[in-house]
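**Q** The following feature annotations were taken from TrEMBL:
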DOMAIN    85-512  domain 'Major facilitator superfamily (MFS) profile'
REGION    518-541  region 'Disordered'
TRANSMEM  86-107  transmembrane segment
TRANSMEM  119-142  transmembrane segment
TRANSMEM  154-175  transmembrane segment
TRANSMEM  209-230  transmembrane segment
TRANSMEM  236-257  transmembrane segment
TRANSMEM  311-331  transmembrane segment
TRANSMEM  401-418  transmembrane segment
TRANSMEM  424-446  transmembrane segment
TRANSMEM  458-478  transmembrane segment
TRANSMEM  490-509  transmembrane segment
Amino acid sequence: LEGSIPVFCAFRVVKFRRTGESSRSEEDGISGEHEVQIEGVRTELEPVELEDGAAVPKEFANPTDDTFMVEDAVEAIGFGKFQWKLSVITGLAWANAMEMMILSILAPQLHCEWRLPSWQVALLTSVVFVGMMSSSTLWGNISDQYGRKTGLKISVLWTLYYGILSGFAPIYSWILVLRGLVGFGIGGVPQSVTLYAEFLPMKARAKCILLIEVFWALGTVFEVLLAVVVMPTLGWRWLLILSALPLLLFAGLCFWLPESARYDVLSGNQEKALATLKRIATENGAPMPLGKLVVSRQEDRGKMRDLFTPHFRWTTLLLWFIWFSNAFSYYGLVLLTTEFFQAGDVCSISSRRQEVKAKCSLTCEYLTEEDYTDLLWTTLSEFPGVLVTLWIIDRIGRKKTMALSFLVFSFCSLLLFLCVGRNVLTVLLFIARAFISGGFQAAYVYTPEVYPTATRALGLGTCSGMARVGALITPFIAQVMLESSVYLTLLVYSGCCLLAALASCFLPIETKGRGLQESSHKEWGQEMVGRGSHSPGESQE
């Protein structure tokens, strides 16, 4: 034929990647590739007709004709320039930790400046968690119904607006309402993890999600350093305004963010998903797979009932308890740390609490330079937590990582029963906070991996909501129960984490080495099985 060229196959070994196999061996999981010897392959294929002088497009460099899914494209394109940019931008959203850390700085300042009683100071903290708890599921539903980018962008802009507005609050009631609205917006920021995870190849997913968690720790450190500079000179109003800087940067850059290609395919926007994948391939300088992008079966998205199907019922219930225990223990330890440091050791805390009760509730103490130093040191403990989790999560798996974190925290809590000195106390609290924060980070890796695209954002949102329930309850244990018995308080935290360790072990699905599940109608690992025709030489496990 005129304008046609014969194509010859010179390859005897073909490498291909299976990203969703459910019965992969450990050896396969390490390399992520299989080699198949093909016997009896025809050396001459049918001619391929091309226009005069036309070259094979770079994005269709794969010499086979097949269909592919979003998972295949993400794995083929790999990690590159696009994901680095995405890491920084989603990390800026995750630095909203500044809005949380400011609570421990703002409360004593307003207690003194506005002469607030203790219960009003406590309410100022609680209202933020109430806002987060009430909105987490809503933001998850919005992200599943209207897109990850949409939900994240609205929640960040909401938090930014009311965060800045809080700096102009004239009276207590105004700042109470405004901080509650800030909490409502913060409830949607975890959706940045959903968007981020859906653009990551399997081998890089756990490490990258953990590394953007570093932005949380950086946000808390930056908030303390900002308070040291701003509070003595400009005051708390400017601190509230300047604390919104990371979110302001995100708002300026978020228009670069693409919508998740997985979400677009699930919602029927095949062309938009393909354009997004080509954009990523271009930025990374990598070829696209050849063939047609497979459109997943369209499903109802963001439906609560899908979290309780027989396949996910136990996973959902166990994850809710794990997230509850994480926040309950993490924020409880933050509150207990202040009490233990001020008392000197655990054995002296009861007598100190009696002295404090005898004082007027309006007695106030401004934060000193030493207080800021203690805040900084306890915050820095989260960096070792990230490093330890980063090292073990792909070695022992997500479930065992969470279980180990809870067990170490529980053991350190029991050791506090001993009348240890301040140095040993500091070491135990440092280790406990490092591991409980590491367990929290492992949960952020596991949860988006275990749910399918149709319910991924909702699943993460409901888990985040349960975490806020734990954060709401923990002050009654770490502060109220502590007045009655320090040992009973420690026993509650230790027992809760032991149960959470068991819950982690009983999770039905281990997501280590797996691709993200696209459809809720497929069992784990079926993303690559049974779709399209298989070549005669292709092996199936």
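Note: Cβ is positioned from N, Cα and C throughout, glycine not excepted.
Automatic prediction, not curation, is the source of TrEMBL annotations.
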**Q** With a Cβ cut-off under 8 Å, give me the same-chain residues at least six positions beyond the ends of the transmembrane segment (490-509) that come close to it.
**A** 314-315, 318-319, 321-322, 325-326, 328-329, 332-333, 346, 399-400, 402-404, 406-407, 409-410, 413-414, 416-417, 436, 446, 450, 477, 481, 524
**Q** Flag the pair the transmembrane segment (236-257) / the transmembrane segment (86-107) as in contact if three or more Cβ pairs fall under 8 Å (sequence separation 6 or more).
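**A** Contact between the transmembrane segment (236-257) and the transmembrane segment (86-107): present.
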**Q** Where else in the chain does the transmembrane segment (401-418) make close Cβ contacts, counting only residues six or more beyond its ends and a cut-off under 8 Å?
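**A** Distant Cβ neighbours of the transmembrane segment (401-418) are 322, 325, 329, 333, 340, 346, 389, 392-393, 425, 428-429, 431-432, 435-436, 438-439, 442-443, 446, 487, 490, 493-495, 497-498, 500-502, 504-505.
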**Q** Any idea what the model's mean pLDDT is for the domain 'Major facilitator superfamily (MFS) profile' (85-512)?
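**A** Mean pLDDT, the domain 'Major facilitator superfamily (MFS) profile' (85-512): 82.
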